[in-house]
Amino acid sequence: MTPPVPPTGQAFAATDNNDHLVQSVNPDHPANLIPSLCAKFWKLGWVTGTGGGASIREDDLVYLAPSGVQKELMKPSDIYVLSMAAQAKSLDRRTRVYLRSPAQYKPSQCTPLFMAAFTKRGAGCCIHTHSHWAVLVTLILETQGAGNDREFQINNIEQIKGFGRGFEKSGNLGYHDTLRIPVIENTAHEEDLTEFLEEAMDKYPDTYAVLVRRHGVYVWGENVHKAKTQCESLDYLFQLAVEMKRLGLPWITEIEPVKPTRA
Ligand SMILES: [Zn+2]
């Protein structure tokens, strides 16, 4: 277990595991919210067999589910807590500085990917699912051949309005806008996806999600509400896209906007 490191300007005994960071009666406290969100995601088939997960950032503190835990049975005491500031000072990106670690677990391999959403996009929450629909969309794209398999696009569907316009932009996408989600290739170890996820964020500065081929999707938002809404909207669109493909319907269409006739 990584020994706890005191946050800047604070000191505590070496034996203190900072358990208070995950103890709260508030249901909206991240240590309570992550288990309740993961239980919901498990029911949707998004985090089956311990895969996938969610992380929440509140100011400097990042709350994370451990590796290999049954997502529907997770407890607040299972949650890791990491300091962004202490982490930024660490020279080795792969060595993470936890303020609080549950003794019986290992940190999640998703941690550096969640951190990318927090550091590069200022996100407040990041969700990772192994949704069937996300995986199927990447498989459908794969059949389109190299060069046409790195981006999912869809337009003229009402649910697109569930997405923000982009990083530091106000408002949401409109019905006629095209939603574009980059696709990165899967790697043998989840942690090794980080550099490719960051590359995709640089290439698509306004995206709130990155698909991982034959694996799933990472979705983030300014806060839990936005990350969850975008993740649900995206899963709806992925399912729709798979069914559309089955029916031979195109994902991109030209539709003339209907103008209101009444003043
Ligand atoms: Zn995964």
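The backbone N, Cα and C atoms fix where each Cβ goes, glycine too.
Just one of His189, His215, His225 is listed by TrEMBL for the same Zn(2+) site as His128, His130, and that one is His215. Cα-Cα distances to Cys110 (substrate binding site) place His128 within 10 Å, out of the recorded positions His128, Glu158, His215. Glu158 (active site, proton donor/acceptor) falls within a helical segment according to DSSP. You'll find the Cα of His215 (Zn(2+) binding site) roughly 26 Å from the Cα of Glu158 (active site, proton donor/acceptor). Between His128 (Zn(2+) binding site) and Glu158 (active site, proton donor/acceptor), the C-alpha separation comes to 24 Å. Excluding His128, His130, His215 themselves, the residues of that chain whose CB lies within 8 A of the CB mean position for the Zn(2+) site are, in sequence, Gly51, Gly52, Thr129, Ser131, Ala134, Val135, Val212, Gly216, Val217, Tyr218. For His130 (Zn(2+) binding site), the same-chain residues 6+ apart in sequence whose C-beta sits under 8 angstroms from its C-beta are Trp46, Val47, Thr48, Gly51, Gly52, His215, Gly216.
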